[in-house]
């Protein structure tokens, strides 16, 4: 009887592990409406383009490759088609880049800081996300979110943001997976090694939140998205803290790390 109970317990553990493993390769689900108060949507000519992160009442952090003329920024949005009662809209007052010529690559300087034309107030669906106080730790579980396509290579854009958990890897994993990446860069590598979870087109500029801290900005990844052993690449927020804080403090000539 003891042996039977032991074998039964082992079977339960194996089934439990298998279930968790299968869950890891399933794409994201609709975000809880209250978990993304800092997530903003960047629009151009009425069309959704990118995500971004509100870091205080007047500033948004996103990817440099999301830059467009005449952008509109929507805050407090969940459904694209059914507005929240506290949604707010802003336009950029100023935009700042690591390079005065707005140059960036897939592994360097894909970061943009936007000053809003007027501050926003905290509300039910709007609140900033603090900048990280500690560097990211390889092995962390990270949260991704956005209104990007939920299928690839055929594109299906959802009405509401989708969220998923992925893992933070050593940069060498992305260096080995993506041709052209240098041996080192100021980016993070995150995803799942099995097929099925990833950020994709439209998620650019949104946050990578690891252990509750804002550590990355969605930059780029494989095409199609969510392929086995092809994690995504994220601009490393922690490495750019001095530049971000200097710009916000009024030192508009501050430079990004090399």
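Glycine too: its Cβ is placed from the backbone N, Cα and C atoms.
Per Swiss-Prot, the feature active site, charge relay system maps to 65, 110, 204. The feature disulfide bond is assigned by Swiss-Prot to 31-163, 50-66, 98-256, 142-210, 174-189, 200-225. Annotation source Swiss-Prot lists domain 'Peptidase S1' at 25-249. Under the heading N-linked glycosylation site, Swiss-Prot lists 103, 121, 122, 154, 170, 251. Under the heading signal peptide, Swiss-Prot lists 1-18, citing sequence analysis as support.
In this structure the alpha carbons, written CA, of residue 142 (disulfide bond) and residue 163 (disulfide bond) are 10 Å apart.
Each of the recorded positions 121, 122, 154, 204 was scored by the number of other CB atoms within 10 A of its CB, and the lowest score belongs to 154. Between residue 210 (disulfide bond) and residue 189 (disulfide bond), the C-alpha separation comes to 12 Å. Listed recorded positions near residue 204 (active site, charge relay system): 65 (candidates 65, 163, 174, 256; Cα-Cα distance within 10 Å). When the recorded positions 103, 110, 163, 256 are screened for a Cα within 10 A of the Cα of residue 66 (disulfide bond), the ones that qualify are 110. In sequence order, 149, 152, 198, 199, 200, 201, 232 make up the list of same-chain residues 6 or more apart from residue 225 (disulfide bond) whose Cβ falls under 8 Å from its Cβ. For residue 154 (N-linked glycosylation site), the nearest of the disulfide-bonded residues 31, 50, 98, 174, 256 in terms of C-alpha separation is 50. A helical conformation is recorded for residue 65 (active site, charge relay system) in the three-state DSSP classification.
If you compare Cα positions, residue 65 (active site, charge relay system) sits closest to 110 out of the recorded positions 50, 110, 163, 170, 251. Annotation note: residue 121 (N-linked glycosylation site) sits in a coil segment as assigned by DSSP. Across the domain 'Peptidase S1' (25-249), the prediction's mean pLDDT works out to 92.
Closest in space to residue 122 (N-linked glycosylation site), of the recorded positions given as 31, 98, 103, 170, 189, is 31, taking the CA atom of each residue. Taking the C-alpha atom of residue 189 (disulfide bond) as reference, the shortest distance to any of the glycosylation sites 103, 121, 170, 251 belongs to 170.
Within 10 Å of the C-beta atom of residue 50 (disulfide bond) sit 27 other C-beta atoms, taking all shown protein chains into account.
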